[in-house]
Amino acid sequence: MEMPFRFINGPSSLPCLFLSDPGGSSAQVLLSSGQVVSWKNEQGEELPFKSSKVSISYVAYVVCGLAIKGPDFRNKSPDELKAIVPYIQVMARSLPLDKHKLVTNLRSMHKEVVAVTGDGTNDAPALHEADIGLATGIARTEVAKENVDVIILDDNFSTIVNVAKWGRTVYINIQKFVQFHLTVNIVALMINFISAWISGSAPLTAVQLLWVNLIMDTLGALALATEPPHDGLMNRSPVGRGVSFIIRAMWRNIAGQSVYQMVLLFMFNFAGKQILGLNGSDATIILNTFIFNTFVGDTKV
């Protein structure tokens, strides 16, 4: 019987696992674990992944892994370490300084965000150097406790998954609120500044702007910042160390929504009386009230 996988040499002669049936159960397990990088044929050419039955010539290219001993790791040159550190999955017979060196290389050379778990005194240097240090609550030593950021009280490492899920949820919720906050403030600033510059009067009063900010900072914040996590968050790629908090998609959404609101509000501000058929001494007050209601309605949308 033909095995559904085989090993070959990958980058830097590292062992890589190739599956002969990407549509099989083994491939689906690897996909769900996020370890499949891309699908390639026997010649190494990139191929689109097909979830249905595929030809036997399709193979899955999996993240290459490397097991190394501590003495071998210590004898590597800086250039060799830079090449192999991203692929190390097991390091046996290692000293505390080996763990510390591995974490330091991941953070400095590869700009990775590193989390380390440990509960012993020998784990303290790596726990202290890592971006996030995690220790168990029952079996930990006092030295490890002093060098960690998170203590797992129930000694169940599956708790880390929930921590990561909630952390990503909070991060995304804050992004949503910042996007909402910037959009409202940009529109309010532009409509008042340009209207005052052209016509000498601003359609939105200080009290109205304070009211909008009060609602936005309370009800808006509660609505956007309290969304619960979902399982799909764990399929997202981690946020890199150098990634901007306001990503390109956020700027696109802010710009698109701001332009839409400003076009609508400027249209009513400069031609609202003709569009709405307003006449009389109270026409300006009615128009400004209409502009404010439109602004609040667009903000909610």
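Heads up, the Cβ atoms here are built off N, Cα and C, so glycines get one too.
Unlike curated entries, TrEMBL annotations are predicted automatically.
Predicted, not measured: the structure shown is a model, and the values here were computed from it.
Look at TrEMBL and you will find 202-296 tagged as domain 'Cation-transporting P-type ATPase C-terminal'.
Under the heading transmembrane segment, TrEMBL lists 177-198 (among others).
Within the same chain, residues 170, 173-174, 176-177, 180-181, 184, 188, 191-192, 288, 291-292, 295-296, 299 sit at least 6 positions outside the transmembrane segment (204-226) and bring their C-beta atoms closer than 8 Å to a C-beta of that stretch. What TrEMBL records for 204-226 (among others) is transmembrane segment.
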Counts by DSSP class (helix H/G/I, strand E/B, coil) across the domain 'Cation-transporting P-type ATPase C-terminal' (202-296): 68 helix, 0 strand, 27 coil
